[in-house]
Amino acid sequence: MSILSLDQVNFGYTSKARVLNEVSFEVERGANLGIVGESGSGKTTLLRLLLGLERPTSGTINFGSVQLDPRDANFMRRYRRAVQMVFQDPYSSLDPRQRVRDIIAEPLQSLRIEGNHDEAVAAALTEVGLPADAVRRYPHEFSGGQRQRIAIARAIVARPQLVLADEAVSALDLSTRVRIVELLKQLGHTMTLVLVSHDLGVVAALCPRIVILERGIVVEAGDTATILAAPQHPYTRKLIASVPRMPA
Amino acid sequence: MSLLAVNNLAIATGGHDLVADLSFAIEPGQRLGLIGESGSGKSLTAMAISGLLPPAIVPRGSVTLDGVEVIGAPERKLNKLRGAASAVVFQEPLTALDPLMKLGRQLAEPLRRRFRREGRDLAGIEAETIALLERVSLPQPQRIANAYPYEVSGGQRQRVAIAMALACRPKLLIADEPTTALDVTTQAEILALLDSLVRDLGMALLFISHDLPVVSTIVDQVLVLRQGRMVETGPVKSVLGTPTQQYTQSLVAAARAFDTALGAR
Amino acid sequence: MTTIELDRPARRSAASLTFIVGLILVGLHVAIALLTLVWTPYDPSSTAGGRLEAPSLLHWAGTDRLGRDLFTQIMIGSRIALQVGIGAVGIGAAIGVTIGVLAAFATRLLDDALAAAFDILIAFPTLLLAMLVVAASDTASLWSAILALGIALSAIVGRLTRILAKRVLQMDFITAARTSGTSWPRIVVIHILPNIWPTLMVNFALQFGLAAIAEASLSYLGLGAPPPNASWGRLLQEAQGTVYTAPFGAIAPGLALLVLVIGINLFADGLRDVGDPTRRRSR
């Protein structure tokens, strides 16, 4: 069953230049999806559409059986609860003046989710492998990897169905990256991940499904292993050939 | 004699060492990769070699570049050394270039210095600028020379930055994470370009990166740094193939995990 | 990127030292200003000694040409300076921060219009603007001076607020707040204001100093607080004629103004450091 489905989505900031062109794909429950593209591919715009921060110029995005409409405040409240986000830069994505407790609890408060918020925050912290006393501290007291864990805790605290991640590990050191990928993999058991990245290795490690985006067009989509083994489109082939590999 | 000899280098600030007991050498034409994660001191080491450390950070030990002791050398002496002996390519080409100066003029600056050094006629600078832009495989070099940094793509900016480093005809090229800010396909192109330039011009290369596969595609020898200390050094094949230290083993395992996920090549 | 940690403890103790010195200087002025409400060494409006006496144990700052105690006048001037500073910065901050934040959120056209309005108002010399407002009101009173300075300062605060708020708006944590369902007004309160506050704080202190100086200038020109309010500017103006024979008449109020302005700046610097979690030692 698909959580999200995009049907012939077009988007342009001006009437002439299209950033996204006839983009269609589905996000299925339990199958992490990797959206791979380089700068200028339109992946950032696509994310903004999926977050409901922009509306498609034409085409539809369906959440379950309902069409995503950023102007419908009631719908958006349900949607925000179901779809959360992790950003690339763990320095810019956490407010330096808030304590970790308030950062993680923000979705709970803003979406007026009932229950004990402190307990929910504590549970999220445990899940991302951070100590309970982190709640009283400020972001600057943590390393880049730990900060990304805080950002992940914020994304999962409201128990969303879908987590959108924008290059969530590419700013991290290699050894930290492995651990965060491991963490995201575990979260995949309870929620579905859409990872937007230029890093094929990370996408391959996390996502069984993949969409390749080039200049606003989906050039190839499907099963990750199949596409990596036998890429059909020349751009996909170039992308795969460009990934530096370890010496044999 | 080694082109670059680093002996017992230590870099300290406020009483504690950020880098300590670091020794290595680069022979003319040799390629060394400095591998390290954040906080390993890899960029500080590069700055110490080029004499670019900020005043609050004090190096000890010895760094000889092309026979000249860098540590403690006066700025005037360092200035002579920069360009002729070594040149640096930085991670972020947008901040490494002056946003308000046309690329051609920026490139002409180091060329002028070299022409003076070699006693050549300065009238040849313009032709040499275009030749250099062609050398780094930039299409329409005339157009690029007349463009400002923000008018060209990230990959093209990095090519211009490399051209600027080449303009000095250095014996040692220092590249500090030169592809980290770039797309995968652009990275592959820049790596291929660096590889051919270093080979054709007979330069030595000090390549600094946290990315194991990237380093392994371009250097022969590697040195693994962790928290300012050397962990392991040797030929790429042996260090990344059969690492002996636990830290290197964990790095290699991490890199291999992603590599394996990509399947057979 | 390698970030370089400089010697933090030394910087921190220096920061707290400026804070303490600033606190003492400002506190001294506040204490004196409050004291004048209940007690002054002499009656400010009557003769307390000979004319133009030099500073002595009886008259710490000497006397003026009518024989009134200067120290008493300076003490009262302290109250006026604080009143003007707090009033003008308060008005400037209230108007400036509100419009500045609105501009940061506004559509392109409105934002451009507001930015241009700020620039035009700033291009006008603060003092000249204040003089115009005071001249336009029927009676020169302390409050018209405060209002005039407040309006002039609001443009400076507004422009700064707009730029700072725009910078914060670009951060990912704002997008994170939006995708968490946080409303715009709440984003302003919990994310934007706390993040621009430290810089504004320092700016307010500068404005405070400017307002105190501007009030002195207005009074000096006869446009400020009317007698019997002993504003420092008026003291300076009155001492003008006798500056060669009795220099203390000009030096004393000038010194008082200097100490207040320095004190408030040190205080603000320290306040910024104390209020910033990233500069504070934790645990």
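Cβ coordinates are placed from backbone N, Cα and C, and glycine is handled just like the others.
Taken from TrEMBL as is:
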- C:17-39: transmembrane segment (TRANSMEM)
- C:78-268: domain 'ABC transmembrane type-1' (DOMAIN)
- C:80-106: transmembrane segment (TRANSMEM)
- C:113-136: transmembrane segment (TRANSMEM)
- C:142-161: transmembrane segment (TRANSMEM)
- C:200-223: transmembrane segment (TRANSMEM)
- C:243-268: transmembrane segment (TRANSMEM)
### Query
Same chain, outside the transmembrane segment (C:17-39) by at least 6, Cβ under 8 Å from its Cβ: which residues?
75-76, 78-79, 81-83, 259-260, 262-271, 273-274
## Note on the structure
Checking C:80-106, C:113-136, C:243-268 against the transmembrane segment (C:142-161) for Cβ pairs under 8 Å, the most are found for C:80-106
### Residues from the same chain, set at least six apart from the ends of the transmembrane segment (C:113-136), whose C-beta lies under 8 A from its own
99, 102-103, 106, 144-145, 147-149, 151-156, 158-159, 162, 210, 214, 217-218, 221, 223-224
